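> Mind looking over this structure? Questions follow.
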Amino acid sequence: MRHASGTDLALQSFEHNQTAEVDGGRRAWLQVFGSFMIFVNIWGFTFIFGIFQSFYQLSYLPSESESSISWIGTIQSALLSIVGVLAGPLYDLGAFRFMLLSGAFLVLLGLFTLSLSSQYYQIFLSQGVCIGIGGGLLYIPSLALISGSFKRRRAIASGIVTCGIGIGGVIYTAAFQSLLPRVGFAWTVRVLAFMALVVFGLSIPALLISTSGQKRSQTTRKIFDVNALKDGPFLVYSLASFFIFLGYLVPFFFMPSFAQIVLGTSRSLSFWALAVSSATSIFGRLGAALAAQKMGSMMPWIACGALSGVLCLCWIRISSVAAFFAFCGLYGFFSGALVALPPTVFPRICKAPNLLGTWMGMSWLCSGIAFLVGSPIAGALIRLWSGLLLLLGTGTLVALWVLMVRTRREPIWI
């Protein structure tokens, strides 16, 4: 989640033909480009919800509570995971083109209807539900291709794709804060929608062209496998993901409002806090991917999880604008690994290729539930909540690491 996470979903549902080039080739890198651009839109808009949270809370929906407004963003992010799980069998049936086109249509429809919305329920349906479902339909096609095209370089390819989150966050945050005082909310959102249309115009053709002539599995993937619930590493992995993603998005959602309410910054300056986090997350994801290529994924994942949790606990003591922006930059950098690395570990959890997507989907469901409840609860316990949960999730990752080494006979550098 990643929360985006799940690049290995298609190992059993999407296969290259005999001429496909594993670990590179023009077709493989075209898929990386297309998936990267999809991420600019679907996760870019999710990660900048903090600027919408601040604007709604202080200007557009002042009668709504902080917690109720955060439900809009959490529904959007949760549906990315939950719909992604349910869309797996649809992908297996060969509905790749349909999912790309319908997902892009729903995201754009949600943005354009958001520009016409003025009531809470209208914003909830357009931004939370419509964009969330559309993003969920795009999530599997944009990532599943990478698994079939890369093996040794999978961590690098996944890291590049997830950098789309940071790029989208920077671009859309800058556009929003620049346009809002000039043209108002409605036209600002419409401009963002037209920008998203251009991004989809680049990504969808790249993905369709790069997948022409490839074969799909004839076997429909199961959504649920009871045997996963009997597997210790799977249960610990899912528990770690649940705790981490309970707290992961909380800082991103509340950075702008914290800057304005607690530190007294201007609205435009508070929006740039989110842009700083998005920008540093690009380097964090690439750095995590390079580290995973050298020493395995578990150690960088654990280290970045621990540092992210400690940073959130430090957030409690921040009282100056300079310290706050330093926190935003550091949190964006270290938390990037929490999205980029999980899918590179999962093939070690599930050894059966025909069940890999099913088990990954079940784990995604745990992450989706975490996204769903994390930020609304944090409306009352913002900073302490996210830090403790990230540290709890990191501790669970350490347990997973020990369990994998002892029971699966995995090397220390997993």
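Glycine too: its Cβ is placed from the backbone N, Cα and C atoms.
Sharing the record's features from TrEMBL:
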type	residues	note
DOMAIN	27-410	domain 'Major facilitator superfamily (MFS) profile'
TRANSMEM	36-56	transmembrane segment
TRANSMEM	68-91	transmembrane segment
TRANSMEM	98-117	transmembrane segment
TRANSMEM	123-146	transmembrane segment
TRANSMEM	155-175	transmembrane segment
TRANSMEM	187-213	transmembrane segment
TRANSMEM	234-259	transmembrane segment
TRANSMEM	271-292	transmembrane segment
TRANSMEM	299-318	transmembrane segment
TRANSMEM	324-346	transmembrane segment
TRANSMEM	358-378	transmembrane segment
TRANSMEM	384-405	transmembrane segment
> Please figure out which one of 68-91, 271-292, 299-318, 324-346 racks up the most CB pairs under 8 Å against the transmembrane segment (234-259).
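Of the candidates 68-91, 271-292, 299-318, 324-346, 324-346 scores highest.
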> Out of 68-91, 98-117, 271-292, which stretch touches the transmembrane segment (155-175) the most, going by CB pairs under 8 Å?
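Top-ranked stretch among 68-91, 98-117, 271-292: 271-292.
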> Go through the chain and flag residues at least 6 beyond the ends of the transmembrane segment (187-213) whose CB is under 8 A from any CB in it; none is fine as an answer.
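Cβ under 8 Å, 6 or more out: 17, 27-28, 30-31, 33-38, 40-41, 45, 96-97, 100-101, 104, 107-108, 111-112, 114-115, 141-142, 145, 171-172, 175-176, 179-180.
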> Mean pLDDT, the domain 'Major facilitator superfamily (MFS) profile' (27-410)?
81
